């Protein structure tokens with residue numbers, strides 16, 4: 001009787017552990033931090049157009065080693081979390097990657113972080129300045145991401161962006 005009870009308890013505990021465990025991929029964060037307000041690309045473009053905020057788009061794959069290495073650095077960065085409030089944040093994994101060539105300006109490597117203006121246009125001039133020049137949108141550290149976010153914020157928000165954008169339309 002006690003052997004059966006012990007086996008039942010062990011089985012129940014294992015089941016409980018299985019259903020309550022998480023691999024850090026719940027929600028739209030997909031390991032990059034569920035505390036950040038992530039959107040789909042479609043919803044993000046609509047929100048950016050309505051709010052005037054630029055978009056930050058992360059393109060990654062679930063099986064990618066470099067992507068897995070970046071996730072905890074990104075998710076644990078308080079500075080990225082704070083800066084994310086100034087962007088519409090989009091997280092695209094696996095088959096969510098757009099087929100549009102604008103989303104792979106210098107190749108289809110992963111992970112890539114791209115910045116889009118509020119109209120949804122990819123801004124290829126915003127690159128990882130401290131990264132490999134052959135992979136301009138590849139970021140390996142939270143510090144690099146923060147620098148990219150600050151540059152994008154400077155270029156894509158406020159009067160400087162509106163003046164440049166308005167002149168482009170004339």
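Every residue gets a Cβ built from N, Cα and C, even glycine.
Taken from Swiss-Prot as is:
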type	residues	note
DISULFID	64-67	disulfide bond
CARBOHYD	128	N-linked glycosylation site
MOTIF	167-170	motif 'Prevents secretion from ER'
SIGNAL	1-24	signal peptide
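In this structure the alpha carbons, written CA, of residue 128 (N-linked glycosylation site) and residue 64 (disulfide bond) are 19 Å apart. When Cβ neighbours within 10 Å are tallied across all protein chains shown, the highest count among the disulfide-bonded residues 64, 67 belongs to 67.
According to DSSP, residue 67 (disulfide bond) is assigned to a helical segment. The residue listed as 'N-linked glycosylation site' is surrounded by 21 other CB atoms, counting those within 10 A of its CB over all protein chains shown. In three-state terms derived from DSSP, the residue listed as 'N-linked glycosylation site' belongs to neither a helical nor a strand segment and is classed as coil.
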